[in-house]
């Protein structure tokens, strides 16, 4: 059985029990998928409606596909020194690795696009503002650069089959140079996506406390440029290492971390809504359990002092009907209201959520009369 790469002097290829970095892949994917499942539950629970924001379900399918590709990669030597990988396995590994590179570009493109559209919705309601121009510019830069790198990964070798079969005649681009260039663009775009909301928030006409809370809500976005920076540094350190199955492995881990961070950022609107819907339900359930275990025959006084939310209590959020803005005819409430919601109104007093979903028809009508939401077509 031929090895995929000539071993260093004094090293004998081990095809049976080779040293592998796969334990780190298991840890990384477990953390990423746990976060993904948690976000999926939050988004489905609150039915977030954001005009022009890309559907979260499309992102989750991409992340699941990326996780699924790791199984054939692992079976064909991913994270193992290339001299411990049979040549036949190396060809299949290169095919799956190239498919993963292309898929990462697609999911990254849509993830960043969803974040940019979210920022536009919150911080740039006026389409002639400077922030709106910046978000539009970032939107098209993201599409352009990511599409270019996806094209490069597809046609990095001529003929294309030389990507996984280096014995064929032809020529290829330097894959590590592609990784470095892609990493530089990723660091730049992710950094702008972190700075943009922070700059916008601290220039709003709000109290310092309100700005600090809003800034903290978007602070998690800093993890994206951190992950992309580590990916870039890893690509630079590996240089032109011919041990591809081993050298490119950590680059893939940082790519997964960067992508997961992006999906977290794209789900910002669901966080507050989830707590407003789920926390009262959990508190009510715990209160019911405590009441039932405290006494099998509760007295009238104990019944009136129960901490659980009453069925008709306005504070009981769980019994309200939720309406997505996209499914409501705004003109049914106030047909002649031309008001425009500002970024300050969106962020103030939980407005991040109220700008995207309201809890009842009465509350929506009250917000409309106060000019806190914009009538469609107004």
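Cβ coordinates are placed from backbone N, Cα and C, and glycine is handled just like the others.
Per TrEMBL, compositional bias 'Low complexity' is recorded for 291-306.
According to TrEMBL, the feature domain 'Rhodopsin' maps to 67-274.
Residues annotated as region 'Disordered' in TrEMBL: 289-321.
Under the heading transmembrane segment, TrEMBL lists 93-119 (among others).
Here TrEMBL flags 131-155 (among others) as transmembrane segment. Below 8 angstroms of C-beta separation, residues 98, 101-102, 105-106, 108-109, 112-113, 116-117, 119-120, 123-124, 173, 178, 181-182, 185, 189, 192-193, 196, 200 of the same chain, each at least six residues beyond the ends of the transmembrane segment (131-155), sit close to that stretch.
Among the features that TrEMBL reports, transmembrane segment is placed at 175-196 (among others). Remote same-chain partners of the transmembrane segment (175-196), defined as residues 6 or more beyond its termini with a Cβ less than 8 Å from a stretch Cβ, comprise 108, 112, 115-116, 119, 123, 131, 134-135, 138, 141-142, 145, 149, 152-153, 156, 218, 221-222, 224-225, 227-229, 231-232, 235-236, 238-241, 244, 248, 251, 258, 262, 265.
If one looks beyond the transmembrane segment (216-233) by at least 6 residues along the same chain, the residues whose Cβ comes under 8 Å of a Cβ in the stretch are 115, 179-180, 183-184, 186-187, 190-191, 193-194, 197-198, 201, 251, 254-255, 257-258, 261-262, 264-265, 268, 271, 352. Among the features that TrEMBL reports, transmembrane segment is placed at 216-233 (among others).
What TrEMBL records for 253-271 (among others) is transmembrane segment.
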